[in-house]
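Below: the structure, in structure tokens.
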Amino acid sequence: MKGIMLQGTSSDVGKSLVATAFCRLLLQDGVKAAPFKSQNMSNNSFVTMDGLEIGRAQGIQAEAAGVKASALMNPILLKPQNDRASEVVLLGKRHVTYDGMAYRKGFYETGRAAVATSLSVLEKEYEAIVIEGAGSPVEMNLQDRELVNMSVARMADVPVILISDIERGGVFASIVGTLSLLPKEDRERVKGIIINKFRGDRSLFDDGVKWIEEHTGVPVLGVLPHLGDHGIEQEDSLGVAAVTRRKGLPEYTQLSIAVIQLPYLSNFTDLEVLLQEPDVSLTWVRSPEEMTVMPDVLIIPGTKSTIQGLRELKRLGWGKKIEQCQQEGVWIIGICGGFQMMGEGLEDPFGTDTGKKGETERGFGLFPSNTVFQTEKEVMIKRGCLLSETGDPLFVIQGYEIHLGQTVMKNNDQFCSFIKMDYGQTGGYWSPDQRIIGTYLHDLFRTPNARRYLLNSMRRSIGLEEVKGNVRRPDVYDELANSIRPHLEWNKIREMMGLKA
């Protein structure tokens, strides 16, 4: 197989971002490439055009590669529901919920077969495969049944580049330690090293590069700069900190948005695009006490365990705080699980949300709605139209829905539809003053004109000036690729992949 595998000395060293850059570099070079990650663990997912669910990172990497995302690019997706159990999504569809030990014992052969099949199909359809590993390849207690690092490199028979993060310190020990723990066969597969997140004058690290190459015998193929706000979505909970900004503006010129950081938070990437607005201040809060001043907007995002998350919010005192926010005119937005919590009640007759059949919980009561969790998950791309306060169509929008719950709004003329989907369905509701909003639609704010319209409504309500001008999303993938190409031995990497330099 023509391709490369990117592994890391630990989590959050930048494997996903470098893989995204490689996908765009290959597209710029005229190579039809596909991303691949055999097994991903994340509650931030991506819906393919055929209604299948994969990890968000592989969806983004497919965009960077200029190809249509496929479930073959991430055959196994693990979505944590609590500290012990995860929902397994196999080839894009909900498969089963396992705890850790049962997963290792009962799923390994099934998972391995799915990985092998996916690689075989992708090899026939693409000129090169950019494979991403997970965590570290030397988690010694998991070596016998791992499905995501060296076992995949062997299966695909591709060379490996090891990535290490210099920002966190210990780069020399992490590289040498990782290589020393690998079996000889796997160590020989590592053909290059990339140092990521370097700050300052690159020449100051020349001696470091020389030391690494002398002590490992593996060439350093790049020292990549720290990119800061690169504009590409983060996938896992380690990236939540990146979706935060306190603008250096006077407080009275900011639109302040607070987001409740739920347990088992899902699809927090819904919110990253808000940082493209020039006057938005966005912060995460776990408890009401952390919200020292009342924000202009409070967002309740999605979670993989809605009832458990709702109970935790009540325990922390969010019930009274949300009521206070409503009384003081704060805009309150619920997305997916957050929308479900804003209703009057939640029911789990089959145990698909809590793991226990028959569980129920009262919601915050902002909407006259009831949610019942089903056995079949709704996963689909949806298109529709954003409506004005008077119900007039404004902008075409596109997003996706992923949910087990079905929410029924009781007859109540006070709450109007603000999104009308293509087939006449209601995509979301808001109150008469538009300040209470609920929707299942992820990526609502990614439609630039819709985001600008909604935020301008919020700005007007608190006396801020509207933001004018055309909204244009920069090509962040080209910017990423162009920013790291000069810092890579790219021709050597292409040769490793079996491509002409």
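Start at 1 and count along the chain as shown; that gives each residue its number.
Any Cβ shown, glycine's included, is placed from N, Cα and C.
Heads up, TrEMBL stuff is auto-annotated, nobody curated it.
Here is what TrEMBL says about this protein:
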ACT_SITE  Cys336  active site, nucleophile
ACT_SITE  His442  active site
DOMAIN    4-225  domain 'CobQ/CobB/MinD/ParA nucleotide binding'
DOMAIN    257-449  domain 'CobB/CobQ-like glutamine amidotransferase'
Chain-internal residues, separated by at least six, CB under 8 A from the residue listed as 'active site, nucleophile': Ser266, Asn267, Pro301, Gly302, Glu401, Ile402, His403, Thr439, Tyr440, His442
Cβ atoms near His442 (active site) (within 10 Å, other residues, all chains): 25
Segment-level pLDDT (mean, integer) for the domain 'CobQ/CobB/MinD/ParA nucleotide binding' (4-225): 92
